[in-house]
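*Asks:* My questions will all concern the structure given below.
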Amino acid sequence: MSSPAPKSPEQTDKSKKYDRQLRLWGDHGQNLLENSKVCLINATALGTEILKSLILPGIGSFTIVDGEKVTEEDIGSNFFLESDSIGLSRAQVATQCLLEHNPDVRGDYIDESPEHVMSHTQDFFNKFTVVIATALPEKVLIPLSKYLWESNVPFVVCRSIGFLGYIRLQVKEHTVIEAHPDSENPDLRLLSPWRSLREHLESIDVALLDQKSRSHVPALVILFYYLTKYKELNGGLVPKTRQEKDILRKMIRDSPVADEGSIKLLEENFEEAIRYTNTCLAPPSIPHNVQAILDDDCCKNLTQNSPPFWIMCAALREFVECEETLPIKGSLPDMAADTTSYITLQQLYHRQAELQAEIIYRKASDIARDLGLPMDTITQNEVKMFCKHASELQVIRGSCIADEYERTRLDLSFYLEDPDSLMFYYVILRGLERFISEFNTYPGQFDDQVEPDVLKLKGIIGKLLSEWSCSQVLRDERVHEVCRYGGAEIHSVSAVLGGCAAHEVIKLITHQYKPLDNAFIYDAISSNSATFCL
Amino acid sequence: MNVPLKEAVATSKVLVVGSGGIGCEVLKNLALSGFKDIEIIDLDTIDVSNLNRQFLFRKEHVGKPKAVVARESILSYNPDINIKAYHDSITSQDYGLNFFKRFNIVLNALDNRAARNHVNRMCLAADVPLIESGTSGYSGQVELIKKGVTQCYECQPKPPQKTFPGCTIRNTPSEPVHCIVWAKHLFNQLFGEDDPDQDVSPDTEDPEAKIEGQEHTETESGNIKRASTRQWTQEIKYDPAQLFNKFFKNDIEYLLKMENLWKTRKPPVPLTWEQAASHEGDTAEEENNVKSQDMKVWSLSKCTKIFADTVGVLKEELAGKTFLVWDKDDKPAMDFVTACANIRAHIFTISTKSRFEIKSIAGNIIPAIATANAMIAGLVVLHAFRVLLQDYQKCPSIYLRQKSIHSKFVLAADKQIEQANPKCYVCSPQPFVNVFVNTQTMTVKEFETELLKKSLNMVAPDAILDGKGMVVISSEEGETEVNNDKKLNEIGIVDGSILKCDDFLQNYELTVAINHYEPQEKDDPLYKVVANPDELKAKESINGEKNGSEEKKEEESDEDDLMIVNELEDPQEGSSKRRKLNPPEDKDAEDDDLCVVES
Ligand SMILES: [Zn+2]
């Protein structure tokens, strides 16, 4: 095999700059990020805060769509608008300011309203990896949400108003290979070792080792040895219950020490073997989420338009039908052992994983070929990564925002039973949006209009609630509060929200970690936040 | 924002301590919230690896002081703000009580525990509210510290920072991290500033190596005296083959003579330059060309070649300077440490690591991203609003957890503010602490540096032996130097003694009860500090479970493990007992060194 091409100086520079984040999402995550195209609709303070947190880690490019001109109020809350830019295009000024923060990111702007862009440029928005919108009026939000839903482009809608924040994620289908589960047991397959592993493990008679070799034999070998002994004594059955495992543990603990002269201290590797009895004796099983994916229609009925994820899933399905287990992860945890025995074991696992990944790669290539797709649809490296994380696979199917707005019944009563539920703010925000469409201004935007606006907003909210057949009533002070904000953004609230939203966007772009499902409400007055599935 | 808040913000004076990941964001948020009078202090200069999140800095600023550049960047947005920048350490004597008293609020954006402890004490003494914050990867935390209202930063004991006994590093490494620490010390021995605590040659004083009735005699082959290691290296003109044979062959052969060490351990195998250079590559790893060079584990022959190459490069760099400073972001320095750590690991049959992993451990790197810092810094300033209105009860601690696959509850606030620990040895009315030291072997100087300064975080302590009224340690120069090399018991500090310790700068008085203590096991700490006698029992039972898998995990931490350490429990189960064991530590931190204690 050829050695990797030497890195260009520019690349090593990048790896220095991005070192601290590569430790979270890896080179492959960074690659996806650097090839992503992000669209921001409206360069509000929240909008530029989100974009800033995406430009710093190095997205490929961004495009700002904003038909507004910079106002004095904008400058007061937005760090990325210069004080002498009042009256200029907000899209242009923000683009220039933001570009200064990372020379590796390209940026562009459209000095037109999103409405205008939608009606004049066909297929403008579907070329992006993700579209983010802030302060978007209902009448644009609904058609755009439909359009992006159909195009399967993730859509992130955010709003920051006073001490209130809201993020809503719309994904039609989003797949995750690396979910980064909080904890993971090693995948050792001691109950059903493949031939080469079994032969290797059987070749070492732990009881016959001298004291020195005893202390360097890997825990895995010890565990397998006593497991075999246990099975011999118990009619071939493996220990399942705690009591049965206790017996196995005792066998390991009582393992005879060859050197009779010295004090009997259980060596570290034997202690390790005892610990492994807790986690490594469960028969390999296929997690629910993975089984559901394998049984999914997308996996069974592939088309030419099926993305690589589903083609790999179909290949995995064939593999599982044949082997009845997922492919092995192929990594071995660190254990007290001498290098040679450890590396021998490590290579056995490594090779088995490579072998299985190779089988799945071939299946996937065959499937792709049968579908008439080009040879490079799926790469070997992709399959390796896929196999390594086969037990973590996730498919998220969200809901369309337009549906949520057009549905006549939205069942919120469950949440609204709790008078402290942040769901009330969702109701207020929906009322606020309707207010804006009806009156073309934020409630309370003009000081002398606060009281009449409160009444109007209450009316709208009451109507909404009755449309949704909700009997609950909103506390008046909450409506007053929102009218007092007058549509103004508080920078620190936008900063918090911007970080949250940018992070969700990174999850979507890198296909790592499970994204928010699907709405997040933040109340900066009480410092509370909540997630709802709408 | 209502009128009282607007006024409070416009007239307040704020101190921001640190202008790194969180500091940059905090400064921006302050500027956009209407704060007019801000001071900022940071000792650091800007590094390339800061640029992925510290957005007030750009490539052309690399090498410049963070505080100064941050100030200029904020002023270019709004020239009307009054900002003062100090490129300095907050623990310096220049920033005493009167300095802190000038502020209405202090915002911490620090990267190490010692400075956090110090600012905590200064703010308690000056009675200025402090907002403490930190991030580590996706996790983060914000908390208010206000004298008489909340707990202080030191109310809950924090897990001790990782230290390794000197003899483990020099004689009996058993984990990759031991080899990495050794390799960093080797760098300093050959190219860095002389530090007697960083000896790399076999330690003949290892209590385990002593044979009853037989004293060790220094042999020629075993040891070139520490003071002359550099000199010898210069004499042989940094010849890589000779250096290699000394550290990886001769020294190892000497270790093998200390037979007691190898009774229950696998003895190391000396390695010659010729063997190493011709050693066959580990093919399975080499052919894996998917991973970048950084991710690969180098073969022994590659390590040997890189050892020789980097010795050559570093020798050139050293020419004309007195010493080099090790830096994880300096390529030859990092390559040298990777190669040496892996060669030593090979000799001791310890698993070898990739350059990427070794960099994490050697540099104590904590992953850091813009998004988490942005969220935390926003929360800091929102807390500051409430603090300025003296609405302390509305400032519960807030935690950011992003890793959970349930994708729920990203931000979680405590139900209420945490009360102070009545037995806290910092903020209780009569601070008191038990220390456990070997009064027969510890010198007064060691007591001052290890206990009072490093462990109890005093800056310039005075100590009076209670009952006798004798000043045993003084912060005045020359006053108690005669005591320095005396053992504690020689000046009357014995089991049961009470020391009245005082730090004038921190305005902090602490009563220290001395307990005589001798470590029993090799892994026992050399000394212990216990604030609350009830903790003694708890601590012992934790020690009993040592060598547990979790412990191991933490030491061989890769980035995932670091995050696991900071994982917080489900906030819905809002009991107050959670989180105390694992406070996110040294957030946005990276440069805390791995420590070694002498044994
Ligand atoms: Zn305290």
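Yeah, the Cβs are placed from backbone N, Cα and C, and that goes for glycine too.
Pulled these from TrEMBL:
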| type | residues | note |
| --- | --- | --- |
| DOMAIN | B:7-424 | domain 'THIF-type NAD/FAD binding fold' |
| BINDING | B:18-23, B:Asp42, B:50-53, B:Lys66, B:89-90, B:111-116 | ATP binding site |
| BINDING | B:Cys152, B:Cys155, B:Cys424, B:Cys427 | Zn(2+) binding site |
| ACT_SITE | B:Cys167 | active site, glycyl thioester intermediate |
| COMPBIAS | B:193-206 | compositional bias 'Acidic residues' |
| REGION | B:193-228 | region 'Disordered' |
| COMPBIAS | B:207-219 | compositional bias 'Basic and acidic residues' |
| DOMAIN | B:319-359 | domain 'Ubiquitin-activating enzyme SCCH' |
| DOMAIN | B:435-520 | domain 'Ubiquitin/SUMO-activating enzyme ubiquitin-like' |
| COMPBIAS | B:538-555 | compositional bias 'Basic and acidic residues' |
| REGION | B:538-599 | region 'Disordered' |
| COMPBIAS | B:556-572 | compositional bias 'Acidic residues' |
| COMPBIAS | B:587-599 | compositional bias 'Acidic residues' |
*Asks:* Got a sec? Which of B:Gly18, B:Gly21, B:Asp42, B:Ala115, the binding-site residues, have CB under 6 Å of any ligand 1 atom?
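*Replies:* From B:Gly18, B:Gly21, B:Asp42, B:Ala115, counting a Cβ under 6 Å from ligand 1 as near, there are none.
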*Asks:* How far is it from B:Gly21 (ATP binding site) to B:Cys155 (Zn(2+) binding site), counting Cα to Cα, in Å?
*Replies:* 26
*Asks:* Going by Cα-Cα distance, pick out whichever of the recorded positions B:Gly18, B:Asp42, B:Asn112, B:Ala115, B:Cys167 is nearest to B:Cys427 (Zn(2+) binding site).
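*Replies:* Out of the listed candidates, the nearest Cα belongs to B:Ala115.
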*Asks:* Which has the fewest other CB atoms in a 10 Å radius around its CB: B:Ala115, B:Cys155, B:Cys427, the listed binding-site residues?
*Replies:* B:Ala115
*Asks:* What is the one among the binding-site residues B:Gly21, B:Asn52, B:Ser89 whose Cβ has the most other Cβ atoms less than or equal to 10 Å away?
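*Replies:* Comparing the binding-site residues B:Gly21, B:Asn52, B:Ser89, the most crowded Cβ belongs to B:Gly21.
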*Asks:* Around B:Cys424 (Zn(2+) binding site), how many other CB atoms lie within 10 A of its CB?
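*Replies:* Around the Cβ of B:Cys424 (Zn(2+) binding site), 20 other Cβ atoms lie within 10 Å.
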*Asks:* If you measure B:Asp42 (ATP binding site) to B:Cys155 (Zn(2+) binding site) at Cα, how many Å is it?
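*Replies:* About 26 Å separates the two Cα atoms.
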*Asks:* Which ones in the same chain are close to B:Cys152 (Zn(2+) binding site), with CB under 8 Å and 6+ residues apart in sequence?
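*Replies:* B:Asn120, B:Leu124, B:Ile145, B:Ala420, B:Cys424, B:Val426, B:Cys427 - these are the non-local Cβ neighbours of B:Cys152 (Zn(2+) binding site), listed in sequence order.
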*Asks:* Just the number: how many Å between the Cα atoms of B:Asn112 (ATP binding site) and the residue listed as 'active site, glycyl thioester intermediate'?
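*Replies:* A Cα-Cα distance of 27 Å.
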*Asks:* Any idea what the Cα distance is from B:Ser89 (ATP binding site) over to B:Cys155 (Zn(2+) binding site), rounded to a whole Å?
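*Replies:* A Cα-Cα distance of 24 Å.
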*Asks:* Check B:Cys167 (active site, glycyl thioester intermediate) against DSSP and tell me helix, strand or coil, would you?
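*Replies:* Assignment for B:Cys167 (active site, glycyl thioester intermediate) reads helix.
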*Asks:* Other than B:Cys152, B:Cys155, B:Cys424, B:Cys427 themselves, what residues in this chain have Cβ atoms within 8 Å of the centroid of the Zn(2+) site's Cβ atoms?
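*Replies:* Same chain, not in B:Cys152, B:Cys155, B:Cys424, B:Cys427, Cβ within 8 Å: B:Leu124, B:Gln151, B:Tyr153, B:Glu154, B:Ala420, B:Asn421, B:Val426, B:Ser428.
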*Asks:* With DSSP as the yardstick, break the domain 'Ubiquitin-activating enzyme SCCH' (B:319-359) down into helix, strand and coil residue counts.
*Replies:* 22 helix, 0 strand, 19 coil
*Asks:* For the binding-site residues B:Gly21, B:Asn52, B:Ala115, which residues show a Cβ-Cβ distance under 8 Å to chain A?
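*Replies:* Cβ contacts with chain A under 8 Å: B:Asn52.
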*Asks:* Can you grab the distance from the residue listed as 'active site, glycyl thioester intermediate' over to B:Ala115 (ATP binding site)? Cα atoms, rounded to a whole Å.
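*Replies:* So the Cα of B:Ala115 (ATP binding site) lies 29 Å away from that of the residue listed as 'active site, glycyl thioester intermediate'.
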*Asks:* By a simple count, how many Cβ atoms lie within 10 Å of the Cβ of B:Cys167 (active site, glycyl thioester intermediate), its own Cβ left out?
*Replies:* 21
*Asks:* Kindly assign B:Ser89 (ATP binding site) to one of the three DSSP-derived states: helix, strand or coil.
*Replies:* coil
*Asks:* Rounded to a whole angstrom, what is the C-alpha distance between B:Ala115 (ATP binding site) and B:Cys155 (Zn(2+) binding site)?
*Replies:* 16
*Asks:* As a test of reading the model: what is the averaged pLDDT for the domain 'Ubiquitin/SUMO-activating enzyme ubiquitin-like' (B:435-520)?
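*Replies:* Its mean pLDDT is 91.
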*Asks:* Give the sequence-ordered list of residues that share a chain with B:Gly18 (ATP binding site), lie 6 or more positions from it, and have CB atoms under 8 Å from its CB.
*Replies:* B:Ile41, B:Asp42, B:Asn108, B:Ala109, B:Leu110, B:Asp111, B:Ala115
